[in-house]
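Visitor: Let me begin by handing over the structure; questions about it come next.
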Amino acid sequence: MRVYQFCRPFQLFTYFLCYLLVFVKANKEKISQKNYQVCAGMYSKEDWKGKIDPFISFNLKKISGLSDESDPGLVVAIYDFQDFEHLGVQLPDEEMYYICDDYAIDIGICEEENRDEFIVQDVVYDPYTSTNRSLANPIMTFSQNEVGLHDTRYPIKETGFYCVTAFRSSTSTKFNAVVNFRNAYGQLAGTEINKLPLYGLLAVAYVVAMALYSFAFWKHKHELLPLQKYLLAFFVFLTAETIFVWAYYDLKNEKGDTAGIKVYMVFLSILTAGKVTFSFFLLLIIALGYGIVYPKLNKTLMRRCQMYGALTYAICIGFLIQSYLTDMEAPSPLILITLIPMALALIIFYYMIIRSMTKTVIYLKEQRQIVKLNMYKKLLYIIYASFLSVLAGSIVSSFIYVGMNTIDMIEKNWRSRFFVTDFWPTLVYFIVFVTIAFLWRPTDTSYMLAASQQLPTDPENVADFDLGDLQSFDDQDDASIITGERGIDEDDLNLNFTDDEEGHDNVNNHSQGHGPVSPSPTK
């Protein structure tokens, strides 16, 4: 039977399918009549040491719809991606013919001994280099119509990007199989193994940075701002989260993609949702002036910030749980039920941060508080630099592959793409957080800075300040620190951040009788 009609789109499709499949996340991949090709990066034992010799195996789990006992069922090819052009022969009518069957044998494009196998050409013309090209690595091809593990494994002698393709001999045939891309070092996919040492190093970096911050925290334990306590708690959380990420890759490399590993991944995603949400929350309260412009925020305002953060966290958790319950091979539009609210929640968070930061900077300019203003300017520079760094990583990676043909790009991209898409943003986040923590670290003057203003810059609004008032930070009601004697209706404070809610106008209004801030030690 002529089978090229089933294979006609193979050559063009291979380019795009393999590029999309370059990020195989597990070393065992399913293959079926719907998804008849899978690819993954593989390391040779020389490039990445391990206990076993790396290989690719094919295990047919289910097959049905065979016409008779002579039906070959599946025709399978295992090959290095750069050799895909060696599969099949172009007929005079410009159709590609891939399987060695009766018709192919009759017209002389393959031999009887290769019946029910892929047609393989040892030398082909390469249109990219305009030269003849030989096989880079052997191509293994066979047919199978019975359930079970194929006897022969494909050995990996060279590091590369390898593919497995399975064609049906009949459109009525249905099958399910598992392809095992087994590297020498363990169960992790080739695209993930570099994350294991990198996240280990990142965990060590977090521990060192946290130790340095903790030392400053302990040294000034009697002069701490609430914000600095938040930062230390988040430092501990981020350090633990990074260690958990490293442990995930280590366990997955040892155990494989088991049910326990999947549960662990859900747990890890919950931690990641907390990391994202609390990062936005910290930036929001800093943007509102917490800890530097004002020792504390109004209690109602702080509570509403916390409630909005908790709501965002719950939405992120819902999205993650739904994404794990959704079949990625058949995605459902129902995922939008949680995706859209999560996107909106983060956008609103970002808007509130930028708006609050802008108002705080304007207020500091009006009050001529140069030191605090410079701190907030540095924070803005850090945020902008982080965005530019992530963007620059994507641009640089794109330029690296400019000029490469499709085959070379796919062959090389799988080993480094993870760094730009996964690890680079994580590394930028680490640098940004450590920089912000260093900027707001406990010092001999940080407590006084939050409790005072640069009096000579605004002499008309100066009010007396007593060092004994420092103790009152812990004794006064949170709201009175911002609102002073006048007080303010808590219902006037909401997350729309009008002028009465951010505390800036509270200070300005009170300055009519007492200076630029309330009588409490916010001067």
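Placement of Cβ uses the backbone N, Cα and C atoms for every residue, glycine included.
Sharing the record's features from Swiss-Prot:
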CARBOHYD  N132  N-linked glycosylation site
MOD_RES   S480  phosphoserine
MOD_RES   T483  phosphothreonine
MOD_RES   T498  phosphothreonine
REGION    483-523  region 'Disordered'
TOPO_DOM  27-197  topological domain 'Lumenal'
TOPO_DOM  219-230  topological domain 'Cytoplasmic'
TOPO_DOM  252-265  topological domain 'Lumenal'
TOPO_DOM  287-304  topological domain 'Cytoplasmic'
TOPO_DOM  326-333  topological domain 'Lumenal'
TOPO_DOM  355-381  topological domain 'Cytoplasmic'
TOPO_DOM  403-417  topological domain 'Lumenal'
TOPO_DOM  439-523  topological domain 'Cytoplasmic'
TRANSMEM  198-218  transmembrane segment
TRANSMEM  231-251  transmembrane segment
TRANSMEM  266-286  transmembrane segment
TRANSMEM  305-325  transmembrane segment
TRANSMEM  334-354  transmembrane segment
TRANSMEM  382-402  transmembrane segment
TRANSMEM  418-438  transmembrane segment
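In the displayed structure, how are the listed features positioned relative to their neighbours?
Guide: Counting only same-chain residues at least 6 apart in sequence, those with a Cβ under 8 Å from the Cβ of N132 (N-linked glycosylation site) are V123, V124, Y125, D126.
Here the topological domain 'Cytoplasmic' (219-230) has, by DSSP, the following mix of helix, strand and coil residues: 6 helix, 0 strand, 6 coil.
For the topological domain 'Lumenal' (252-265), same-chain residues at least 6 beyond its ends with a Cβ under 8 Å from one of its own Cβ atoms are 26-28, 185-188, 192-193, 196, 324.
Confidence across the topological domain 'Lumenal' (326-333), taken as the mean pLDDT and rounded to a whole number, stands at 59.
Long-range neighbours of the transmembrane segment (198-218) within the same chain, counting only residues 6 or more positions beyond its ends whose Cβ lies under 8 Å from a Cβ of the stretch, are 224, 228, 231-232, 235-236, 238-239, 242-243, 245-246, 249, 423, 426-427, 430, 434, 437-438, 441-443.
Through the fold, the transmembrane segment (266-286) approaches residues 227, 230-231, 234, 237-238, 240-241, 244-245, 248, 292, 297, 302, 305-306, 309, 312-313, 316-317, 320-321, 324, 346, 349-350, 352-353, 356, 379, 383, 429, 433, 436, 440 of its own chain, all at least 6 residues removed from its boundaries and within a Cβ separation under 8 Å.
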Visitor: Can you tell me which recorded stretch out of 231-251, 305-325, 382-402, 418-438 has the most Cβ pairs within less than 8 Å of the transmembrane segment (334-354)?
Guide: 305-325
Visitor: Using DSSP, how many residues of the topological domain 'Cytoplasmic' (287-304) fall into helix, strand and coil, respectively?
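Guide: Summed by class, the stretch gives 7 helix, 2 strand, 9 coil.
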Visitor: For the topological domain 'Lumenal' (252-265), jot down how many residues DSSP puts in helix, in strand and in coil.
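Guide: Going by DSSP assignments, the topological domain 'Lumenal' (252-265) contains 11 helix, 0 strand, 3 coil.
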